[in-house]
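Heads up: the structure comes next, in structure tokens.
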Amino acid sequence: MACIVEDPQRAGQSNETQIALISGVPDDISKSCLARVPREYHMAMKCVSRRWRDFVCSDEMCDYRNEFNLAESWIYALCRDISGGVFLHMLNPFSSRRSWKRINDYPYIPMREGMGFAVLGKRLFVLGGCGWLEDATDEIYCYDAAMNTWFDVVPPLSTKRCYFACETLDGKIIAIGGLGLNPNAKRTWDIYDPLTRTCKSCSDVNIVPEMEDSFVMDGRIYIRGGVGGSSTAVYSASSGIWERMDDDMASGWRGPAVVVAGDLYVLDQTFGAKLTMWCKDTRMWIHIGKLSQLVMKQPCRLVSIGNSIFVIGKDCSTVVIDVENVRKNKMNGVMVCSSIPKTWDDDIDVISCKSVAI
């Protein structure tokens with residue numbers, strides 16, 4: 001994947017490139033060896049030398065690990081504390097001591113709300129937003145998970161917006177609807193292409209107002225909004241148009257949604273928390289089970305890794321659901337799941353969650 005942000009200039013890099021990654025070993029073999037090191041050790045590897053650091057942080061390293069199924073997905077939660085400050089928490093689900101950790105402070109928009117959150121490759125993007133004393137903005141910021149660094153991204157969104165849906169499709173970031181200085185913003189969407197560094201705006205009357213939730217499945221973007229989330233629409237990149245969502249499918253979309261192995265799961269938080277699945281063959285919603293309220297606090301966000309759904313609630317209280325085994329392991333209708341407790345006393349709201357594979 002091509003570089004999509006401006007990296008800081010590194011002094012003396014030309015001299016370092018003449019030094020082998022591993023003494024006496026060709027660089028292609030050295031890169032193959034380094035790419036096989038588990039992700040939890042990458043931070044230590046960056047301390048060995050500048051060349052090791054540059055390779056570990058590179059798109060080449062990320063692409064190699066993805067190509068040979070070596071990539072490991074970590075979860076990143078965009079959070080807000082009681083003071084209104086915005087920051088990131090990270091979870092390594094493969095660690096023997098699974099716990100959330102706060103990472104680099106978010107330096108640009110400490111009090112902003114209604115932001116979009118998206119991931120492309122090894123980079124997370126925070127888009128738009130507004131504040132009590134700040135109008136909707138078109139700014140885009142990028143966090144490189146390999147470099148552990150924030151960057152300012154250009155160009156900005158075509159439309160200043162907040163409280164909008166944000167998804168990635170075909171290698172592009174799509175910001176949909178929401179509110180903005182332009183009253184027509186709620187009927188528009190922006191397509192940001194990181195390869196060409198261009199952002200174009202499109203409009204369609206079928207885009208639903210007051211955006212609440214969205215997901216991507218089978219090459220389409222689904223959005224839900226309106227009063228009580230009663231309006232839905234679906235976008236196909238091949239046609240470039242928005243259409244009304246199927247009524248049967250829309251009827252069961254009553255909470256945050258996530259796609260696992262091509263199947264759609266929804267966490268209905270109307271009365272407690274219950275997990276449902278959309279069956280494509282019968283075109284019906286199937287009740288999977290309930291979640292215990294003792295290990296998590298609503299409202300919750302969902303993110304998937306492999307066959308597992310991570311239900312992330314207030315204060316980053318987390319429940320892990322294995323969708324292959326959950327139907328067999330239930331007690332009185334309550335799903336048997338593993339949990340990851342919070343490790344701090346602060347009051348934290350989770351805005352959005354994404355996984356980044358490196």
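Note that Cβ sites are derived from N, Cα and C of the backbone, with glycine treated the same way.
Averaged across the domain 'F-box' (20-67), the predicted model reaches a pLDDT of 95. Per Swiss-Prot, domain 'F-box' is recorded for 20-67.
Note on the repeat 'Kelch 1' (78-122): residues 1, 4, 38-40, 59, 62, 72, 128-132, 134, 136-137, 139, 141, 143-146, 148-150, 152, 162-168, 171, 173, 175, 178-179, 194, 305, 308, 310, 316, 318, 320, 340, 342-343, 346-358 of its chain, located 6 or more positions outside it, place their CB under 8 angstroms from a CB of the stretch. Swiss-Prot lists 78-122 with the feature repeat 'Kelch 1'.
Summarising the annotation, Swiss-Prot assigns repeat 'Kelch 2' to 123-171.
As annotated by Swiss-Prot, repeat 'Kelch 3' applies to 173-219.
The repeat 'Kelch 4' annotation in Swiss-Prot covers 220-269.
Within the chain carrying the repeat 'Kelch 5' (271-307), a Cβ under 8 angstroms from the stretch's Cβ atoms is held by residues 73, 75, 77, 93, 246, 248-249, 251-252, 256-261, 263-265, 313-315, 317-319, 321-324, 326-327, 330, 333-335, 337, 339, 341, 350, 352-355, all 6 or more beyond its ends. According to Swiss-Prot, the feature repeat 'Kelch 5' maps to 271-307.
Summarising the annotation, Swiss-Prot assigns repeat 'Kelch 6' to 308-355.
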